[in-house]
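Right, one structure below, let's go through it.
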């Protein structure tokens with residue numbers, strides 16, 4: 001009997017305290033921010049204990065407290081699943097949230113509603129943890145919707161700006177389309193397996209069914225911005241940088257991938273779903289990497305980079321490696337959050353300038369941010385023995401040496417080199433060269449609230465991969481031998497990308513094209529996807545519904561079919577077949593005479 | 001009983017003659033139509049009640065309902081004609097002339 005379950009529940013309970021305190025006086029003054037930050041730190045410490053116990057003794061737990069309701073044969077309880085995934089994810093996410101909260105104490109310093117901002121961030125964290133620790137699909141759905149709502153509220157934080165409102169609405173709509181898949185899967189599980197509990201679903205799984213897994217893939221595509229449902233993620237950069245760092249890089253967008261990782265016992269036997277996720281992930285990673293190449297907003301480049309890495313995680317799931325995908329989730333969170341924090345530092349120091357064409361020469365002006373940015377980009381591209389290497393390289397190795405779709409593999413490799421290219425673009429345009437910003441801004445990064453979070457995430461970006469991959473228990477046999485050229489594939493693609501990018505970027509100093517080429521236009525306009533999909537289908541839908549309602553229902557079925565047609569036929573027939581004058585009185589007189597005559601004839605036959 | 005029959009049948013034939021031989025107004029034709037329906041109703045009700053023919057008890061009522069509908073249609077036609085011509089003289093109904 002150890003402190004495993006109590007500390008796991010204590011973590012969740014600690015986080016709800018500031019929400020409860022929001023009615024008291026502490027919510028009204030400046031101390032609320034440090035209060036929330038310290039609470040998250042305490043939650044991080046208490047979540048380390050179950051994680052350590054798990055790493056030491058491989059003890060998993062299922063906490064089932066409160067029986068809520070039994071609807072005929074469905075029993076719904078409040079149950080938390082403390083297994084490998086949730087126990088590893090909780091400390092990582094709490095660490096990153098702690099750093100982001102400290103950063104947002106600096107970034108959102110001048111915002112009058114900063115306490116509400118912290119409350120929203122905390123609510124988001126709580127719902128994310130509900131999602132991660134859920135043992136039944138109902139609780140997962142609560143967390144799922146919760147992160148969607150908080151994403152909406154946080155993206156639209158500066159709601160006076162039209163673009164922010166549009167982006168928030170876009171996020172909700174695309175997530176809703178994914179929710180259809182999740183609800184369909186839940187309905188299937190309810191009607192076929194009579195449960196929403198993960199244990200029972202995995203036990204009763206005879207022949208992996210296609211329909212609920214496709215629903216889950218749709219849900220993951222919506223939440224994790226896979227191709228087809230991806231435009232909300234770059235638009236979500238309208239929110240403040242801490243929001244982008246927390247939600248749209250490390251925590252919320254991995255919820256979809258996390259869902260698929262949770263359901264790996266169902267997916268490991270279904271080749272069709274694996275191929276689907278593989279191809280979807282490959283398309284996503286390449287497409288978003290292409291789009292990232294010509295963006296000019298630093299946050300959008302990092303957002304597309306996130307989308308590309310999510311595609312990579314999807315590819316990993318398609319290769320039947322859920323644990324590797326989960327490791328990539330954890331390691332990616334570190335350096336992606338740090339990249340966002342560095343970009344936030346740059347943006348604030350340049351007086352809210354987000355266009356990389358107007359940055360430059362920050363190498364000497366912001367040395368610490370520069371260091372962090374470079375290390376973050378290197379970790380992102382998979383530089384050997386930094387964090388990204390320990391998850392990205394095994395993914396590429398597994399992809400190259402498994403019996404899989406070669407086209408998807410080629411796309412993934414191309415996206416790997418493109419990763420290096422846009423990372424070089426970020427470094428080149430923001431840090432190197434001569435400054436392109438007005439010199440009247442005071443550049444000062446000498447604030448401990450800014451330095452300390454980035455410092456922590458920096459140490460995490462360097463060492464977390466090593467620490468994590470040496471601590472976790474091995475879940476499947478790793479691949480030990482492969483030909484040398486396959487082992488060096490990822491490194492070679494990345495180096496190729498770096499060299500190409502550096503060459504092309506130095507060209508921009510000297511040679512400028514007068515007009516953009518077709519490929520450049522394709523990349524800048526995000527593959528024409530938002531332009532087409534946000535205008536054409538709504539227009540067609542509304543046109544069709546208007547035509548159906550007005551022309552078909554009202555005009556045709558209710559008016560023309562019987563009344564007007566009858567009148568028309570009568571008119572035509574009578575003008576066609578009649579040759580009479582309108583002598584009605586005479587006609588009626590003839591009727592009368594006929595009647596009298598027939599009565600006489602038939603009554604008096606003799 | 002036969003006297004009553006004769007009475008009502010005479011009322012019916014009076015209305016019939018009135019329907020088929022009228023002077024100018026369409027309204028009189030409609031009124032005679034109503035008279036025919038009324039006399040039929042009374043004849044049917046009396047005969048059925050007299051012979052205790054219970055199964056046919058609803059026939060007069062249904063007849064009355066349909067007569068009411070028909071009167072409504074007749075009045076609608078009258079109103080249309082009156083809207084077009086201002087009067088309801090039947091010598092105006094010569095549209096089918098060729």
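Each position is counted from 1, following the chain as shown.
Cβ coordinates are placed from backbone N, Cα and C, and glycine is handled just like the others.
TrEMBL entries are annotated by machine, without manual review.
Features of the protein shown, as given by TrEMBL:
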- A:68-118: domain 'NADH-Ubiquinone oxidoreductase (complex I) chain 5 N-terminal' (DOMAIN)
- A:134-416: domain 'NADH:quinone oxidoreductase/Mrp antiporter transmembrane' (DOMAIN)
- A:422-602: domain 'NADH dehydrogenase subunit 5 C-terminal' (DOMAIN)
- A:6-26: transmembrane segment (TRANSMEM)
- A:38-57: transmembrane segment (TRANSMEM)
- A:84-105: transmembrane segment (TRANSMEM)
- A:117-134: transmembrane segment (TRANSMEM)
- A:140-160: transmembrane segment (TRANSMEM)
- A:172-191: transmembrane segment (TRANSMEM)
- A:211-233: transmembrane segment (TRANSMEM)
- A:245-266: transmembrane segment (TRANSMEM)
- A:272-294: transmembrane segment (TRANSMEM)
- A:454-472: transmembrane segment (TRANSMEM)
- A:484-502: transmembrane segment (TRANSMEM)
- A:586-604: transmembrane segment (TRANSMEM)
* Residues from the same chain, set at least six apart from the ends of the transmembrane segment (A:272-294), whose C-beta lies under 8 A from its own -> 208, 210, 213-214, 217, 220-221, 225-227, 230, 234, 260, 300-301, 304-305, 307-320, 404-405, 407-409, 411-412, 414-415, 418-419, 421-422, 425, 520, 522-524, 526-527
* Asked: Top stretch among A:6-26, A:84-105, A:140-160, A:172-191 for CB pairs under 8 A with the transmembrane segment (A:211-233)?
  -> A:172-191
* Sequence-remote partners of the transmembrane segment (A:6-26) [C-beta within less than 8 Å, at least six residues beyond its ends] -> 32, 35-36, 39-40, 42-43, 46-47, 49-50, 61, 63, 80, 82, 87, 90, 94, 115, 118-119, 122-123, 125-126, 129-130, 133
* Structure fact -> Counting only residues at least 6 beyond its ends, the same-chain positions whose CB falls under 8 A of a CB in the transmembrane segment (A:172-191) are 74, 137-138, 141, 144-145, 148, 151-152, 201, 209, 211-223, 225, 229-232, 256, 259
